[in-house]
Amino acid sequence: MVEIRTVGVVGAGQMGGGIAHVAALAGYEVALYDVSLELATKGIAKIAANLERQVAGDKISASDRDAALARLKPADGVGALASVDLVIEAATEKEEVKRRIFQQICPILKPDAILASNTSSISITRLASGTDRPERFLGIHFMNPVPVMKLVELVRGIATDDAVFEASKAFALRLGKTLTVSEDFPGFIVNRVLMPMINEAIYTLHEGVGTIESIDTSMKLGANHPMGPFQLADFIGLDTCLSIMQVLHDGLADSKYRPCPLLVKYVEAGWLGRKAGRGFYDYRGETPVPTR
Ligand SMILES: CC(=O)CC(=O)SCCNC(=O)CCNC(=O)[C@H](O)C(C)(C)COP(=O)(O)OP(=O)(O)OC[C@H]1O[C@@H](n2cnc3c(N)ncnc32)[C@H](O)[C@@H]1OP(=O)(O)O
Ligand SMILES: NC(=O)C1=CN([C@@H]2O[C@H](COP(=O)(O)OP(=O)(O)OC[C@H]3O[C@@H](n4cnc5c(N)ncnc54)[C@H](OP(=O)(O)O)[C@@H]3O)[C@@H](O)[C@H]2O)C=CC1
């Protein structure tokens, strides 16, 4: 069986940071790579703050935190990925961005390194075909926030080796996650179900059926969701939500997946949700205020 000891994470945003966080806590040496050393270093500072939250909440000890931080290194260039056993790509949900990253890193990786994508929706088989290692490529899809959410969806491409799949399974189990396996179709399981719900909430707003607050309250108190659909969309990132809807719409060729024009407008405005300070809510004040 292939053994994973060291991990590289590409993309130091909310998901890459979360993946690096849980991998370091589980004992893996982790290199965190982004377009600049500055962004990778910023990502590690965010992880330190989230580890601190877990110490404050008695979820981990101060020595667990220190040990995890000692295992995390910001990468100064792709060379830092040359010795890792597993790379998890968690960059922006755009196929061309991911393809460019794979072209850039594949020549540097060990020939037997496993390459995984945390994509929310894009075909694993298609991404794999743009690499030098379709047999050693798969989807390892974490949920946000990674340190809190229990699920990891595993997705094999048409060519994924059994040994690679088993090693990835063992890795995710060592992180304490519960696994589901999805076939490689647009949005896999979670986003095939979740994202049309969020998109429908946006249509419900767009058509004037309810306000942002009334729709969020309805779904929290009426369906027991921990966050309303607008809070959740802002949390995920509206650019990511739109990209996922576009993958569902293109890949399944059914008009029921058409992205709501209001979602498109928010993304075009750069109102991408919490990470941008504004989305369906404005986060720049003391408390979030609905933007319509
Ligand atoms: C788009 C995709 O491809 C797939 C996806 O991920 S879809 C999105 C899936 N995620 C969801 O649906 C999240 C839904 N929301 C929730 O479950 C909850 O609102 C939440 C867990 C995010 C926050 O819960 P909350 O009770 O409102 O907030 P809060 O009290 O601040 O946090 C709960 C706990 O999580 C911890 N936490 C939250 N974010 C954290 C982070 N990034 N790192 C570490 N710990 C974190 C907090 O420290 C807190 O721990 P304690 O209970 O020990 O204090
Ligand atoms: N948000 C969510 O709830 C979830 C997202 N995902 C998936 O995880 C992936 C990342 O999402 P998320 O973390 O939310 O997005 P973010 O926007 O928070 O982070 C993406 C990161 O990737 C970086 N990046 C962009 N291009 C490159 C590149 N060429 N090389 C290295 N890094 C790059 C971005 O840098 P810069 O800011 O400079 O562009 C940014 O730091 C996506 O595929 C998404 O679909 C999966 C599960 C849940």
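Each Cβ is built from the backbone N, Cα and C atoms, and glycine gets one as well.
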Which candidate from Asn50, Asn144 does TrEMBL annotate alongside Gly11, Ala12, Gly13, Gln14, Met15, Gly16, Asp34, Glu93, Lys98, Ser120, Lys275 at the NAD(+) binding site?
Asn144
Site of maximum Cβ density within 10 Å, from recorded positions Lys98, His141:
His141
Length of the line joining the Cα atoms of Met15 (NAD(+) binding site) and His141 (site 'Important for catalytic activity'), in Å:
10
Of the residues named as NAD(+) binders, Gly11, Ala12, Gly13, Gln14, Met15, Gly16, Asp34, Glu93, Lys98, Ser120, Asn144, Lys275, how far apart in Å are the Cα atoms of the most distant pair?
20
